[in-house]
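So that you can see what the record holds, here are the features copied from TrEMBL:
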- CYS78, HIS81, CYS149: Zn(2+) binding site (BINDING)
- 11-185: domain 'GTP cyclohydrolase I' (DOMAIN)
Amino acid sequence: MSKLLEDLAGHYRAIIDGLGEDTNREGLQDTPMRAAKAMQFLTRGYQQNLGDLVNNAVFESAMDEMVVVQDIELYSMCEHHILPFIGKCHIAYIPQGRVLGLSKFARIVDMYARRLQIQENLTRQIAEAVESVTDAKGVAVVIEARHMCMMMRGVEKQNSIMKTSVMLGQFRKSQATRTEFLQLVGNRG
Ligand SMILES: Nc1nc2c(ncn2[C@@H]2O[C@H](COP(=O)(O)OP(=O)(O)OP(=O)(O)O)[C@@H](O)[C@H]2O)c(=O)[nH]1
Ligand SMILES: [Zn+2]
């Protein structure tokens, strides 16, 4: 068992104790370690880096039209309350000589989502990562998510969705390109 995990479990034990619960009762005995492992999983993006993740899965291609990968599931944790926000991410890019392996878009989303985040920064980090590994003419990222900190507590709004977008290169310069992308990801049944 790693020192990090032991420490984290100790902190969870203190939290459970602080809630007035009995950490020795049967149902809670293994909870500090379980919770520590779960939290380590939910923030495993800190252990990853872009180079290893892409693993050279960038291929030469003459493709120079918009490529869209949409509805990538996203699970992240808000940095204000350490509560989940959950939604979908849509990514588009316009290659210029190099395309990225399809699975790598989802891996990039996960690497940044599995950290403590705010949605705006997450959106930008994904866009800049795709731009840096593909050297694309343009990159667009949209995230639509529901925040548990707004649903389970605080203002307790169950239906509000936060939408963020970051447009780089051609998507920023050209209204037509932006519109084409937004129509593609917006018009879904
Ligand atoms: N912009 C942005 N805000 C977020 C995100 N996640 C959570 N928040 C907001 O961060 C803010 C923190 O505000 P505070 O007033 O310091 O915290 P609070 O008292 O817990 O706020 P309430 O949620 O209004 O009860 C809240 O308005 C949250 O809704 C995010 O991804 N992006
Ligand atoms: Zn929050």
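Keep in mind that glycine also has a Cβ here, set from the backbone N, Cα and C atoms.
Look at the binding-site residues CYS78, CYS149 and count other Cβ atoms within 10 Å of each Cβ; CYS149 has the fewest.
Neighbour density for HIS81 (Zn(2+) binding site): within 10 A of its CB lie 16 other CB atoms from the protein chains shown. DSSP assigns CYS78 (Zn(2+) binding site) to a strand. Same-chain neighbours of the Zn(2+) site beyond CYS78, HIS81, CYS149, judged by a C-beta within 8 angstroms of the site's C-beta center, are, in sequence order, MET77, GLU79, HIS80, ILE82, LEU83, PHE85, HIS147, MET148, MET150, GLY154.
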